[in-house]
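Scroll down for the structure; my scribbles are underneath it.
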Amino acid sequence: MKTLAKTFQQNLLLAVAFKVVHDALVFVSPQLLKLLIAFVSDEDSFAWQGYLYAILLFLAAVIQSLCLQQHFSLCFQLGINVRASLIAAIYKKVSTRKESTVGETVNLMSADAQRFMDLANFIHQLWSSPLQIILSIVFLWGELGPSVLAGIATLLLLLPINAFLVAKAKTIQERNMKNKDERMKIMTEILNGIKILKLFAWEPSFEKRVNEIRAHELKNLMNFSYLQSVSVFVFTCAPFLVSLASFAVYVLVDENNILDAQKAFTAISLFNVLRFPMATLPMVISFLVQVRPTQGRGCRGILSLGFPLSEGHLSLSGSAVRFSEPSCLCSVTLDIMPGSLVAVVGAVGSGKSSLVSAMLGEMENIKGHINIQGSLAYVPQQAWIQNATLKDNIIFGSELDEARYQQVLKACALLPDLELLPAGDQTEIGEKGINLSGGQKQRVSLARAVYSNADIYILDDPLSAVDAHVGKYLFEHVLGPKGLLQKKTRILVTHSISFLPQVDNIVVLAAGAVSEHGSYSTLLANKGAFSQFLNLYGNQEEDVSEENTAGTGNTVGLWQLEWLSKRHKGDRVAWDWWVGWWRGALWAARWSPKAVLGVTAHGLMGSIGPQVKFSMYLRYLRAVGLCFTFWIVMGYVGQYAAYVGSNLWLSDWTDDSVRYQNQTYPTQQRDLRIGVFGALGVSQGESLFLLFATMLSARGTVRASRVMHQQLLSNILRAPMSFFDTTPIGRIVNRFAKDIFTVDETIPMSFRSWISCFMAIISTLIVICLATPFFAVVIIPLSIFYYFVLRFYVSTSRQLRRLDSVTRSPIYSHFGETVSGLSVIRAYGHQERFLKQNEITMDINQKSVYSWIVSNRWLAIRLEFVGSLVVFFSALLAVIAKGTLEGGIVGLSVSSALNVTQTLNWLVRTSSELETNIVAVERVHEYMTVKNEAPWVTKKRPPHGWPSRGEIQFVDYKVRYRPELDLVLQGITCDIGSTEKVGVVGRTGAGKSSLTNCLFRVLEAAGGKIIIDDVDIATIGLHDLRKSLTIIPQDPVLFTGTLRMNLDPFDQYSDEEVWKALELAHLKTFVQGLPERLLHLVSEAGENLSVGQRQLVCLARALLRKAKILILDEATAAVDLETDHLIQTTIRSAFADCTVLTIAHRLHTIMDSNRVMVLHAGQIVEFDSPEQLLMKQGIFSAMAKDAGITAAESTAL
């Protein structure tokens, strides 16, 4: 707080000055009102006095609003400044020393800095609220004497009730957050594994799970809404109960106390003034409480700053270093000569990376010292890539020297990649280098180091991510004795043994200490740990490189291999990239360019377009239920009717003071007055109307939430696979998270506050019109002006909010990037540049935030001006019509007008809020109308126990992915007999996977049909079909839940059957060893099982289903050889009496099938037994030759 005061002294003082003026004027209005009523009631007063009062009222209102807006503007500026300086400070602190996790720091930046900003806006309430409360009480005492205390007591009694309600609501909210997280977790899983759900026909089971959680969530939501309606009710009753208590006590205490218009209406406006500070004070205090821990965190964050590094050439003498973690290096002594190439080797965890970190000064130095002379360049083990162009990533803030840049590109084997990238070296690289392959990232990272032209190079295993021959190339051209860096000092941490003979010096680390060092020949002669290490790993190294080439040969055709060898420089990674690019291009072709353009244009237009369609509001109200809606509105109408009634009654009561001017006031009249006033008021806020309306709306809105979520969920689960292929999962998840949250919680609140604001304004205008009918004439121009201001503001504000959120994310992403690349940035000494960059991104965001804040002030001043005019005209007309009016009604009309200013402001706020939020309904609706796949169950059911034989016939079967695309399968005709084992092979893109998709009708036929056991599969429901086939998919997908749920989500099978399946899948011993056995919890995506085990679980799934037709989609691609063997033998024995289709990527797996189907470009080119196919020189024998299978071998298999 002290720091805030010191830094922003001028701002704070100005704000205080404006606020004081405003607070004083707040109390002037009630006094002027009192004078005005006196003037109207007094027959002899001069007309000019009345006009003067009216003008003064107007001026007071205008100046008040100007001061308040100035004050707010200053506060918000303070808020922005505080946020900016906090973020900058946190950033600076992080870029010098890394202490907390990325998550924590980003949190500090986003949430906590935002909290400080909010606090700055309210900070003045801390002194202004108590001041206003004290002043109100003083003035009230002047009006009503001690009976004010009754009113105050009522207010104080209401506070704990509110506090209790708030606490209760908070616990419900916390419970609900848990449900939400749970539901989102399942949703994400469903969307990630949607293909499996469809192939196994498991959607109903998961739909049930989500709906169960949702039911709990809605129950809590319902309770929360009820609580809310009670607290709204208490808050609405408050001013009313207070005035009732005060007036009743005032009249009852003393016979002579007569309530006249002056007293009553002055008191009411003072009570209204009192309401605001009483409400905000607890809010500000709770805010302070929230900021306290933040302040602690923030300060802790900002105070712990880094430490300076000493310079000198590189020598580590007896230095022990350690991370904050226990991993340490003990007394390492090294002296590295300038210009030498030193390799650091050692087993995993022996401290190689720690040694590097120590040299970079990233670790705590416990004793000894590290001297480094000259500049550093550092290549980390995991390449760190910025979200910038490829060129910027390599140049990294240095001057551009074109010749050297080209030389570096050539040496780092990046030229072939540049040809592939869409814009060469100007290609924008996504976050974390998302559009580069691992090897490309590593080479860019290396190129950055080489380009920086430093004196000392620290390379942490840069060759691990690239292919063997690329590694060799890089070593020759960059790192080795003949490379670009031959004159520099190079420290290379490596696992690769092939380069060791060429280095000057080898340092062997073991358990954090140097076990031996010297040249390659000396170490070999020493017969120490190093030579053992060589013997152990030397042989493996050769295997690996051979295996690599074999692997490529299998998936890539021969001509491509020649092409690859011609462009040997572009390693296989480039090749992968190339394939990936082609696939992307194919996808793009599936999305015809028109479609893409249409989508982007729609995205842009959708965001800027005209105001939200009225139909969306209707759609939401329909979900609430039109009957509900009608009664809710009626409730609010009733509430405000009662409100007008009670006020008219009060003005009539005050006129009694004139009627019974010189007589004693009759008691029964007095009791009647109090009674009716109470009854009207209570029915206004209390039981009947408001509570009725809010409770109803609670029920209605929860109903709407239920309906919308249910429709959304069931529709998404019934969408065809093509929808999920073309829609990013994040977008769908967002509908279930953010948009459903808006429908659940934000929209009901907005709707309620909008209705009550609207009604309040209408009732005020009615009261004024009743008092002075001429006022109706003034309403028309005022409302037109108001409407235009509103339209203008709402559209601007929407765009400014959008700009704010768009410009805010770069701050966080730049920050996240900095944190993850800290060691690199520090090694190169680029902290200043990044600080500068951070400040630039922040400024861009500040501009839009500032514009938004100023636009709000602009609006407020225009609107409050309308309010001031309302006050002015109501007073003026009262003065003009002086003779005909009672004091009471004048008091009523002007005091209502004084109140309207705030409400007008609120109406605009809630309108724009409602409009922003109703978009969620539109977005949810968009996904409720996605086209569905065929029905799950149709009238025609297949016979019981179908398919009993398992014969499959394809009759001239054609299929395409989407109507406008070419055929993928071009008229396939074949018969597969009962219990036949068929292998399906073909190059990438031949249509193998499309074949499985067709059997399960993930793709619908474009012509021809598939007949299984005399039933055309296109005529039955999808679930009937999918439940009768079994597939073991390519990638094993598991869901959170028990192991048993993963095998049998519908609980159709007994435990014995499940155990039997596990035994056949070789998982029985593993599962019996688990403490929970079948109820063992599988974590998200099956993370707590190995990939092999997951694949075996999928096998157990298939065994449990025991359908007559089994489809294997290369189930063994992700498994080690042992598991592969297990799976193959199990399938041979357990599925001996089933028809099995195997889609193979490795030919070994299908050499023992009855027949092999060779697909090429969507047609069957060969279909015969493997032996026959090997004899005749066709595609199959060529593929077999690539894979190294000869005819002799196949018979052995």
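Just so you know, glycine gets a Cβ as well, placed from its N, Cα and C.
If you check TrEMBL, you get these features:
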type: DOMAIN; residues: 13-290; note: domain 'ABC transmembrane type-1'
type: DOMAIN; residues: 314-536; note: domain 'ABC transporter'
type: DOMAIN; residues: 630-916; note: domain 'ABC transmembrane type-1'
type: DOMAIN; residues: 952-1186; note: domain 'ABC transporter'
type: TRANSMEM; residues: 12-30; note: transmembrane segment
type: TRANSMEM; residues: 50-68; note: transmembrane segment
type: TRANSMEM; residues: 119-142; note: transmembrane segment
type: TRANSMEM; residues: 148-167; note: transmembrane segment
type: TRANSMEM; residues: 230-253; note: transmembrane segment
type: TRANSMEM; residues: 265-289; note: transmembrane segment
type: TRANSMEM; residues: 623-643; note: transmembrane segment
type: TRANSMEM; residues: 674-698; note: transmembrane segment
type: TRANSMEM; residues: 751-768; note: transmembrane segment
type: TRANSMEM; residues: 774-794; note: transmembrane segment
type: TRANSMEM; residues: 865-885; note: transmembrane segment
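Highest Cβ pair count under 8 Å relative to the transmembrane segment (148-167), across stretches 12-30, 119-142, 230-253, 623-643: 230-253. Counting Cβ pairs under 8 Å to the transmembrane segment (751-768), the top-ranked stretch among 119-142, 265-289, 623-643, 774-794, 865-885 is 623-643. The transmembrane segment (774-794) shares more Cβ pairs under 8 Å with 865-885 than with any other stretch in the list 50-68, 119-142, 265-289, 623-643, 865-885.
Sequence-distant contacts of the transmembrane segment (865-885) (same chain, six or more residues past either end, CB-CB distance under 8 Å): 36, 39-40, 43, 47, 50-51, 53-55, 57-58, 61-62, 65, 768, 771-772, 774-775, 778, 782, 785-786, 789, 893-894, 896-898, 900-902, 904-905.
The domain 'ABC transporter' (314-536) shares the most Cβ pairs under 8 Å with 630-916, out of the stretches 13-290, 630-916, 952-1186. At the 8 Å Cβ cutoff, the transmembrane segment (265-289) and the transmembrane segment (12-30) share at least 3 close pairs (sequence separation 6 or more) and count as touching. The predicted model assigns the domain 'ABC transporter' (952-1186) a mean pLDDT of 82. The stretches the transmembrane segment (50-68) and the transmembrane segment (119-142) are not in mutual contact, being linked by fewer than three Cβ pairs under 8 Å (pairs 6 or more apart in sequence).
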